[in-house]
């Protein structure tokens, strides 16, 4: 029977094991599918696509967005310094991969002016006009310098696509390493200053196209200044036809965009003014033959159809690596920032690391097809969302509209003036220029943030976008370090949760570990040391001089006794006389009492994350303040909410000694106040403490009372507050 029982147990164990194996296998398959969906998000949202509810909206949105993307692709190609037709490729290819891999349902993927300008700066630095000069002779025998535009444009397209490929690789690596958090270091003031500077650079680069004024291609430090100087030097060569067309386009586009913004609740679909202006301008240019009659600069040639893929030039990577990293981070930051706005609005999540991977693959893929770096454009995304776009199906339809333009409509746009495209770019910069209005608000709220904004903007204008971004990032991090580093003698303690009865003990322990001492123990040890000093002076074993307390030579100092010895409680008769002593508690004392050092004079409680206090917490904090005050450590509170002060008032926290002037809006304000107090005390505050011997009183009522006198130029000593001060007042009352 025992054998039968064991056999049945073995069979049951085998069945249980087999069951667990099946469950593990099913779980693994499910987990694998979940991982696959995380890398290919379309598997998550496409099966849940509501065809009847969303398809019509996505089609309408896709058509509207596609028309805008076509025009912006042509316009932003001017920023990259490549033929405008390549802008159409850049508005088409990135959407195809993002449709499968992206986590945002609303952003419109494609060129963006800031990123396009950053790519253009790399292109112009590696392929300037000077590298493609030709010398030809005319019939008069004079030599004329020409530019081999065909070779130049081919080289610039190759450089732009290589930069795009490298940017994609960098983004892929950052995404694989889960470094999506890197965008956190691009604070809002830094991004605001950088994009405003980029908008200014975009404006200057397009200004010469609106004027049709030829200038050299400047790069590096002060390049924007040199470009402006040369534009004004050659302002006399302005083409009037291009200037008029550009100014009219800017005025009309900005006016209609303002109408779209003001009446967006009444207009079901924003007026596609860029498309309308482009069609009208193309018709006028073709009908009036502006190129031949007025020498207007037109698009001329837009290639029809698609080009075969071209591999990147790997040997160029070393020359463009630094710029490519900046472009990769900025492009990602712009896309994720815009994506999060709409994700919050429509209650879904954006995966930062997956966005890195999605844009990385998109840029690698599109770089092979002669595109430049893709991110998202604010205006284009706003069109996609406001026209009813629900998912990336709208993005795919917009890519279809761009494809139609590439395949069939390119020839129709060849008479279009370049100044009109440049004006479309300038009209779309309004939102970025309006960020200047944020500076006064930032200055009122936080002057350091305002300084970061201004510094980044100025640095990006003077140094260029890549170096300017780096300088702004370093400056921003330095301000964080400066704001976090505690000044000498100051400790800052931050609380990251409400304070109540359950965590008040933890707060006290954290306070002790932060400051490095126990305020109650310090106070008791100082009392003990003063009592011993008093006894030695009475016995004549110590003398008080003008320079402090010293031991008589030839007399053994019996004060060096073990710290643990019990205190004498006898009353001592002390003659009434006044002697000056210097009590520097952080130096060696003439008695053997282990008085803990107090290396601080101020303590700041950062209450920025404290949402409420209970009665127990208020009482405990009040006790803490008094304990530190009596060892001459001032306590301050910063970044508190109004409700905290109200609670403190209700719980009788304030009195004659604890007033509201120890509360500050920010930690920085508290530190500034402490520094000003120190500077004032260095000139006027008392230095010496005087020990006055009074009539015999009980030791527990404090035999020693301290008076303050001034002696400038000597080391500041700590004054003992609390009961000492009270005893002195009592004695004066008795007298």
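Including glycine, each Cβ sits where the backbone N, Cα and C put it.
Any TrEMBL annotation is an automated prediction that lacks curation.
As recorded in TrEMBL, the features of this protein are as follows:
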- 480-674: domain 'STAS' (DOMAIN)
- 74-101: transmembrane segment (TRANSMEM)
- 108-127: transmembrane segment (TRANSMEM)
- 158-183: transmembrane segment (TRANSMEM)
- 190-211: transmembrane segment (TRANSMEM)
- 267-288: transmembrane segment (TRANSMEM)
- 316-335: transmembrane segment (TRANSMEM)
- 356-379: transmembrane segment (TRANSMEM)
- 391-409: transmembrane segment (TRANSMEM)
- 450-478: transmembrane segment (TRANSMEM)
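A contact between the transmembrane segment (108-127) and the transmembrane segment (356-379) is present, since 3 or more of their C-beta pairs, 6 or more residues apart, lie under 8 Å. Within its own chain, the transmembrane segment (356-379) is flanked in space by residues 39, 68, 72, 77, 80, 82, 86-87, 89-90, 93-94, 96-98, 101-103, 107-113, 115-116, 118-119, 157, 160-176, 179-180, 306-307, 309-312, 327, 330-332, 334-335, 338-339, 428, 431, which lie at least six positions past its ends and keep a Cβ under 8 Å from the stretch.
Sequence-distant neighbours of the transmembrane segment (158-183) (same chain, 6+ residues past either end, Cβ-Cβ under 8 Å): 80, 82, 86, 119, 122-123, 126-127, 310, 312-313, 316-317, 320-321, 323-325, 327-329, 331-333, 336-337, 351-357, 359-374. Summarised as a single figure, the pLDDT of the domain 'STAS' (480-674) averages 77.
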